[in-house]
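According to Swiss-Prot:
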type    : residues      : note
REPEAT  : 84-177        : repeat 'Solcar 1'
BINDING : 159, 171, 316 : ADP binding site
REGION  : 316-321       : region 'Important for transport activity'
MOTIF   : 316-321       : motif 'Nucleotide carrier signature motif'
């Protein structure tokens with residue numbers, strides 16, 4: 001990753017030709033911070049981890065990371081372009097992040113409800129399992145109202161700003177610390193340095209904003225429970241913090257943090273591993289300089305890495321859901337084994353379909369918003385994802 005500026009990829013060529021930068025895994029790179037090839041440094045905000053941000057769409061996307069799925073976009077730091085320009089890009093990126101996240105919030109909440117429904121069933125906050133994406137949408141609107149589809153979105157939007165600031169603070173430090181070059185040090189040392197720098201930067205940023213991701217998850221999964229008198233568990237963002245700190249202390253806000261850090265490494269390893277393996281095989285001949293072929297490969301790799309690492313996102317969010325409950329998982333490994341034993345391996349992928357659909361919503365909104373910025377303001381500013 002350190003030498004990508006010296007050796008432009010097909011993604012970068014395509015981005016230069018069409019001035020298009022995307023950000024696919026919001027929860028996956030947000031979730032899983034890091035830097036992706038140029039065209040994916042602006043993820044089509046769909047989530048954790050992201051994104052994957054991949055937020056980072058930020059390919060930072062936080063995709064994401066995703067995001068994530070979860071996955072934020074890196075714009076140039078103040079010393080590189082001047083504080084005024086940096087502040088403008090930072091604020092406009094925040095507006096773009098708010099627009100894209102808010103537009104994709106309904107499918108994001110449905111994804112989280114389906115993903116964590118078994119924890120809600122055990123806690124008595126869900127009467128029966130969801131039968132699919134459409135049925136979940138219908139039940140949520142019928143039982144809680146149309147506006148409830150945006151529950152938890154405020155915390156998700158707020159998370160963008162500290163994540164961006166922290167990325168600026170950490171990215172250059174870790175880039176210098178693991179400054180391996182592919183042509184100088186060899187592929188494997190470069191690859192290991194890439195994972196180490198991305199993982200360290202992502203984990204460092206995640207440490208400061210994880211509680212917001214936790215609060216977003218709890219609010220999105222806080223449905224009106226008929227068995228509990230139709231009352232919600234939390235009255236808002238501040239109430240999540242107050243009740244969690246009272247019942248579980250600081251540890252309650254960080255449940256699932258360790259496996260989230262592992263997820264950053266796994267996602268980045270899968271992403272760059274597949275990219276380096278498939279690019280020289282598939283992008284040959286006339287396809288080498290084709291924007292659509294490059295974009296298609298990037299979309300395939302981003303979703304492939306996000307899907308392969310999705311069980312980690314499920315485990316971490318299922319662990320989040322046990323804060324304040326009488327029975328908790330002893331560790332991420334215990335959570336993984338219990339989920340597989342009691343619910344089957346398929347349960348680890350619940351909500352994955354909605355996670356992929358979120359990319360479509362994010363892509364359309366970001367593309368339209370970019371066009372609006374050009375028409376109204378005369379230029380396109382940085383935008384955020386995860």
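Residue numbers in this text run from 1 along the chain shown.
Just so you know, glycine gets a Cβ as well, placed from its N, Cα and C.
Counting residues of the motif 'Nucleotide carrier signature motif' (316-321) by DSSP class, helix then strand then coil, yields 5 helix, 0 strand, 1 coil. Broken down by DSSP into helix, strand and coil, the repeat 'Solcar 1' (84-177) contains 79 helix, 0 strand, 15 coil. For the motif 'Nucleotide carrier signature motif' (316-321), the mean pLDDT of the prediction comes to 98. In this structure, of the binding-site residues 171, 316, the smallest number of CB atoms within 10 A of the CB marks 171.
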